[in-house]
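One structure is given below, encoded as structure tokens.
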Ligand SMILES: Cc1cc2nc3c(=O)[nH]c(=O)nc-3n(C[C@H](O)[C@H](O)[C@H](O)COP(=O)(O)OP(=O)(O)OC[C@H]3O[C@@H](n4cnc5c(N)ncnc54)[C@H](O)[C@@H]3O)c2cc1C
Ligand SMILES: NC(=O)c1ccc[n+]([C@@H]2O[C@H](COP(=O)([O-])OP(=O)(O)OC[C@H]3O[C@@H](n4cnc5c(N)ncnc54)[C@H](O)[C@@H]3O)[C@@H](O)[C@H]2O)c1
């Protein structure tokens, strides 16, 4: 058997590891394709970040007439052309995916194995059809997949995950969305904006409970105004109904039965790492109880607590935050470490931001208020929640609900967390993510730069200025 210099499982973030350094070396890249479509290039491109946000934008535009009428401008009733939106999204996405596959196929230094593979050791794997690969260095970037409940009806064509829902033929008149996290809330925003009647159920009370309590409560209240939200319910079964619909049979936390007739059901109750699909435990790799492969700060895989030389894992299969920008950072670090085994660089997992592109949009980085209290004590934190509506641009927007909250250590001015809900909140938090990343104190960030007046970013400035933090000596005015 020929020994490859590098082997990679997963063509999502793993694909970016094949830098020019490997041009004169032999690389094996294995990917079975996205389950629903066989697509090359992983989750973000094909069924994740990119297509979802390409649906978020038209959905947001469909809400504009309502907002405009509050500001005295009457626009026509929105009409969403679902097939046109869908075809535009996937014309772009599918072409990028196909182009990526073709590029890899024609490279002489890369053997593309388009099959499911299973580890046969700590530096080798075998494909389902029997292709064996042995490599000097191996990277596992095999991602995660949607969790499905083990209940009747999951194979009905009306039952979807995020992998299939964006390719359906027609906009559903009525859709049931199961879950209260990132995916459920983003799709609830998309479908309600485009005109579907959305019923969202969650097992617990409230939506986006992983966020800061104040944001989760504010978002839940907004979602309840914008579509139907029902808490403390789980899906018990889905059964066929007349007219192409299905009946979703729910169970409430106090044991009552409830039914909804809908055109589609979207399951969004979490994702699990694919460590089982590649046989990680069987190959002797350490696997966390939630299915993540254990790695050290250099992303080297651990076996019985010790790093395995030349074996790395990155992205959703190894990291707690399942986010593309985290997987990308880890891929850059792993790319360096593969090329410089004598000069390993660690990953940086501080101040990781994320945004939930729902309606309204949410964004966060760092500690929630509850976590900050645990970390430094309630007496040592200061918080400020700035309403968009109390800034000049917020007046221009006639904003009703936008908030941005900053949490800092009142002794030092160190920023501990930022949490926001509202228009472009994913952009508004970025200066604070930058300050947290570079260790700048809240006062210096607020006063050490000009903020354009009267831009929406004054929300961020005012939140920082509202904190009770020390003014460093000689601080800018
Ligand atoms: C609907 C949705 C929306 C999202 N939106 C965002 C967002 O807005 N922002 C954000 O930061 N993140 C978002 N994410 C998360 C983001 O997509 C993931 O964190 C990221 O794509 C993970 O990349 P990865 O390289 O770890 O895995 P992937 O890109 O999933 O790549 C893994 C690859 O490994 C292959 N594979 C798995 N097992 C095997 C095997 N045994 N043999 C061969 N091949 C195998 C798979 O086919 C897949 O192609 C979203 C996710 C979803 C589902
Ligand atoms: N914008 C983004 O960055 C983005 C977008 C989509 C997905 N993602 C990533 O993908 C991951 C997976 O997303 P997700 O939304 O599937 O998971 P999640 O962990 O965000 O949310 C899962 C939700 O399902 C609920 N739930 C769990 N079991 C249930 C059941 N049996 N019945 C009803 N509800 C149940 C949970 O209470 C929770 O609200 C996210 O954690 C995130 O890291 C990121």
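Using N, Cα and C of the backbone, Cβ positions are placed for all residues, glycine too.
Site annotation (TrEMBL, ligand NAD(+)) includes 179, 180, 181, 182, 183, 184, 185, 186; from 270, 279, 284, the additional listed residue is 270.
Closest in space to residue 49 (disulfide bond), of the binding-site residues given as 270, 316, 324, is 324, taking the CA atom of each residue. Highlighted here would be the recorded positions (179, 185, 270, 453) whose C-beta falls below 6 Å from ligand 1, but none qualifies. Along the domain 'FAD/NAD(P)-binding' (5-331), the predicted structure has mean pLDDT 98. Classification of residue 179 (NAD(+) binding site) by DSSP places it in coil, neither helical nor stranded. For the domain 'Pyridine nucleotide-disulphide oxidoreductase dimerisation' (352-463), DSSP puts the residue distribution at 45 helix, 32 strand, 35 coil. Within the set of binding-site residues 179, 181, 185, the entry lying nearest in space to residue 316 (FAD binding site) is 181 (CA atoms). Neighbour count (other Cβ atoms within 10 Å of the Cβ, all protein chains): 15 for residue 49 (disulfide bond).
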